[in-house]
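As recorded in TrEMBL, the features of this protein are as follows:
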BINDING   GLY82, LYS83, GLY84, GLY85, VAL86, GLY87, LYS88, SER89  ATP binding site
Amino acid sequence: MVTDEQIFKLLTPFADGRVGAIRTKDGQLTVMLDMSGLAPSARNYIAQQAEAALAGLDGIDAVRILQTAQRSAPDLIAVASGKGGVGKSTLSANLAVAMARAGRAVGLVDADIYGPSQPRLLGMEGSKPVAEEKKMLPVIGAGGIPFLSMGQLAKPGQAIAWRGPMAGNALTQLVDAHWGSVRELIVDLPPGTGDIQLSMVQKHKPIGAVIISTPQDLALIDAARAISFFDQAKVPIIGVVENMSGYICPNCGDVSNPFGAGGAEAAAKELNLPFLGRIPLDIAIRHASDDGVPPALGDGPIAKAYADIAAKVADWADQRTANMGG
Ligand SMILES: Nc1ncnc2c1ncn2[C@@H]1O[C@H](COP(=O)(O)OP(=O)(O)OP(=O)(O)O)[C@@H](O)[C@H]1O
């Protein structure tokens with residue numbers, strides 16, 4: 001008679017970590033497999049492999065595979081700014097890459113209806129995700145980051161016209177996709193506090209928000225507005241990132257401060273919020289981003305700056321989980 005341990009060993013090569021209860025009764029073997037997060041094609045594949053691996057075992061006449069889905073949806077981490085052009089999309093892509101490099105299962109949703117830029121930032125311009133059982137399958141971008149973008153749902157310029165329910169439905173399609181083993185989903189929000197943000201806090205509440213600003217006074221005033229929006233929605237602010245602080249001259253290496261410096265850190269302090277770090281204004285960031293190679297994949301000071309911010313966000317998420325008792 002075959003033992004549970006033997007069955008477990010037979011299933012491990014393709015269902016590692018997914019094998020649940022095993023029951024043998026009257027020649028019928030029932031095995032529970034946790035298929036949560038998997039796309040239907042992957043579920044079918046594993047179930048077929050399991051049936052094949054368990055066929056013809058000593059004392060077993062019939063094999064039944066029970067599929068369960070216990071794992072919950074990924075946690076959402078919003079990246080927001082008060083105004084456009086401050087580097088929110090660049091931070092979102094690089095935060096995802098840096099967190100993944102640190103070993104976390106991270107995905108990315110590009111919810112920016114005004115200028116969806118993640119397909120370009122992740123080197124997958126023109127990519128079209130396919131759907132399985134009416135849910136989208138994320139596309140794998142640079143750094144192995146699974147992502148979905150408003151830019152993949154609509155023709156260029158079309159999404160801008162989306163209002164209220166349409167924008168909300170589009171966001172739902174991106175968030176409720178086949179995220180598989182992804183545990184944390186970075187959401188690149190449009191700038192400001194519009195329909196997408198409302199839908200986000202009402203329907204897909206993020207566990208926290210990262211606010212990005214340049215050091216300029218005006219950008220900071222807008223950032224404060226975004227902060228108060230999340231405060232009112234009871235979404236905790238993970239912290240503030242200062243972008244484009246200190247310009248490193250590519251010729252002489254001198255550092256100047258075209259947008260000022262330290263403004264976001266001072267503002268964070270004033271608002272009693274954690275400061276997560278600063279990213280300098282560096283043309284290399286723009287070039288790498290335009291080429292679809294997130295600078296966080298490198299190993300110079302820029303990659304380090306993103307890695308430090310990612311570590312703080314990860315710590316925050318872990319602390320939150322610990323506080324929740326699990
Ligand atoms: N630290 C930086 N140094 C140099 N260029 C940067 C930096 N951060 C972002 N950029 C560049 O600034 C431009 C705007 O960045 P990005 O698209 O990330 O901003 P955004 O806030 O998401 O804008 P939008 O609201 O339009 O989506 C891009 O060309 C990007 O490559």
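Using N, Cα and C of the backbone, Cβ positions are placed for all residues, glycine too.
In sequence order, SER81, ILE212, THR214, ASN243, MET244, ILE279 make up the list of same-chain residues 6 or more apart from GLY87 (ATP binding site) whose Cβ falls under 8 Å from its Cβ. Ligand 1 lies under 6 Å from the Cβ of the following binding-site residues, listed in sequence order from GLY82, LYS83, SER89: SER89.
Counting every protein chain shown, the number of other Cβ atoms lying within 10 Å of the Cβ of VAL86 (ATP binding site) is 25. In this structure, LYS88 (ATP binding site) is part of a helix by DSSP. Other than the site residues GLY82, LYS83, GLY84, GLY85, VAL86, GLY87, LYS88, SER89, same-chain residues with C-beta atoms no more than 8 angstroms from the centre of those residues' C-beta atoms, the ATP site, are SER81, PRO191, ILE212, THR214, ALA219.
Comparing local CB density within 10 A for the binding-site residues LYS83, LYS88, the maximum falls on LYS88. Within 10 Å of the C-beta of SER89 (ATP binding site) we count 28 further C-beta atoms, all protein chains included. Taken residue by residue with DSSP, LYS83 (ATP binding site) is part of neither helix nor strand, so it is coil.
Counted over every protein chain shown, other Cβ atoms within 10 Å are most numerous around GLY82 among the binding-site residues GLY82, GLY84, GLY85.
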